[in-house]
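The structure appears right after this line, and notes come after that.
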Amino acid sequence: MNKQESYKQIVKNTGLFGGVEILRILLNVLQTKVIALLLGPAGVGIINMFSIVINMFVSGFGFGLNTSAVKEVAQAKASNDEDTIGRTIISLRRIIGFSAIVGAIVMIVFSHTLSVLTFGNSDYSFQFVILSLSVIFNITSNGQYALIKGMRFLKYLAKCSLLGTSVSLLVSIPFYYWLGKNGVVYVIVITSFSVLCFSWFYSRKIEFKHVSISFKESFIVGKDMLKMGFFLMLSTFLAQLTSFVINAYISNEGAIEDVGFYRAGFLVTSHYVGLIFSAMSADFLPRLTAANKDPQQLSTIVHQQTELAVLIIMPLIAFLFPLVRIFINILYSSEFYCIESYIEWAAIGLIARAYVWTLSYVLLANGESKKFFISEVFYNLTYIILCVLGYNFYSISGLGLAFLIHNFMCFLFNFYLVHKYCNFNYNKKLISYIVLTTIISILLFTINHFWAGIGGKIIIVSVALSISCYS
């Protein structure tokens, strides 16, 4: 595949998921608006705390298979050996099923403790018992997604993603309207179950040879994905634990409403941009894995993907500055105006986030799971420290500043690891991209922050339109 064809393939697959992610974002916008109006900042905070605990269990007992299994399935597919493909898929499904059940049992056993640690009392113990179902559903769904990604049935993945988001919106409106905050648990469980159904339906459409393999042999076959997944699990669990610590700190030092404000600011910046990264990653990791024996091809893929990510992210950042209050009104309500400064600071950090994202996948594609884990430890520890300092000194605004500083620190650290252990370097063109986009982001922030009148808005919108045309 030549360079032009490679670009076309990246754009085609990104376009497929980009269209789906745009629809998902619109659906998420509607759901977010419903939550903000019906539940308020406190409701957003409660949903966030429940979600964090669930994600901790899903990452902890999912053993990172949602990522490591993609690599193993992709390699099995590349071998064109029907027996190898069959053994890999059957092993994946058995391991996923076992880990999902264990995770749910542990949540039930520690439901009382989780309620006390999360909310400071035991009032939510039964809710955590119910939420154990979501642990089963989410871990199993992640396994099916890994299979679909590894086998490169990307249209199936896009359909699953869109259908799951649609059901979440349809369920949340009546439950939150009639039950208020008491409906949160039921919305989470029903949404998780619907995602499981869709992922199971489409994964069953993938044909493979059903080989005879014992349960014990399944774990032997899955040894490599478990080995790599172990470090991924640790890093993902660490990320969820970090999120829990930060949100618990905000709740204790401030209020549950501040948790809601932090979550709201995070959604406007990191979450919606993260959906774009998610769209691109569906094809990015399998392509990197296939090229990990060819350093030149791997470097080409990374440079192309990074350039594309920047071309997509920069216009979004540019438009975000002058329209931030409009976005807050659309997504939430006037109660959430205090997150405006958070969003402005965090927007600058998004450009560094794009570089961090691509570099992290280079470590995974090269099998450097230990180095990836080291980068995640650095990532999470520094984020806790920066968020605590930021919140103490500047409240919600300080959390946005922490996000900015943190992403640029992680970019430098990840580049050091990839350069040293994967022999990877940026070319001059991409270095100029990095310098230019960083300068533009800082200038846009400065104009928006210190020239808040109509003149400043016109300049920023003009720059945003210019970037969009160039992209």
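Glycine residues also receive a Cβ, built from the backbone N, Cα and C atoms like all the rest.
Since we're looking at a predicted model, the values are computed, not measured.
So that you can see what the record holds, here are the features copied from TrEMBL:
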type	residues	note
TRANSMEM	34-58	transmembrane segment
TRANSMEM	95-114	transmembrane segment
TRANSMEM	126-148	transmembrane segment
TRANSMEM	160-178	transmembrane segment
TRANSMEM	184-202	transmembrane segment
TRANSMEM	230-250	transmembrane segment
TRANSMEM	262-285	transmembrane segment
TRANSMEM	306-330	transmembrane segment
TRANSMEM	342-365	transmembrane segment
TRANSMEM	377-394	transmembrane segment
TRANSMEM	400-418	transmembrane segment
TRANSMEM	430-447	transmembrane segment
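Contacts between the transmembrane segment (184-202) and the transmembrane segment (230-250): absent, as fewer than 3 C-beta pairs lie under 8 angstroms at sequence separation of six or more. Counted over residue pairs 6 or more apart, the CB atoms of the transmembrane segment (377-394) and the transmembrane segment (160-178) come under 8 Å in fewer than three pairs, which marks the two as apart. Below 8 angstroms of C-beta separation, residues 17, 20-21, 23-24, 27-28, 30-31, 34-35, 38-39, 43, 145, 148, 184, 186-187, 190-191, 194-195, 198-199, 202 of the same chain, each at least six residues beyond the ends of the transmembrane segment (160-178), sit close to that stretch. Most Cβ pairs under 8 Å to the transmembrane segment (342-365), among the stretches 34-58, 126-148, 230-250, 400-418, belong to 400-418.
Nonlocal intrachain contacts for the transmembrane segment (34-58), taken as residues 6+ away from its ends with a CB within less than 8 angstroms of a stretch CB, comprise 103, 106-107, 114, 118-119, 127-128, 131, 134-135, 138-139, 142, 169, 172-173, 176-177, 180-181, 184-185, 188, 237, 240-241, 243-244, 247, 251, 256-264, 331-333, 335-336.
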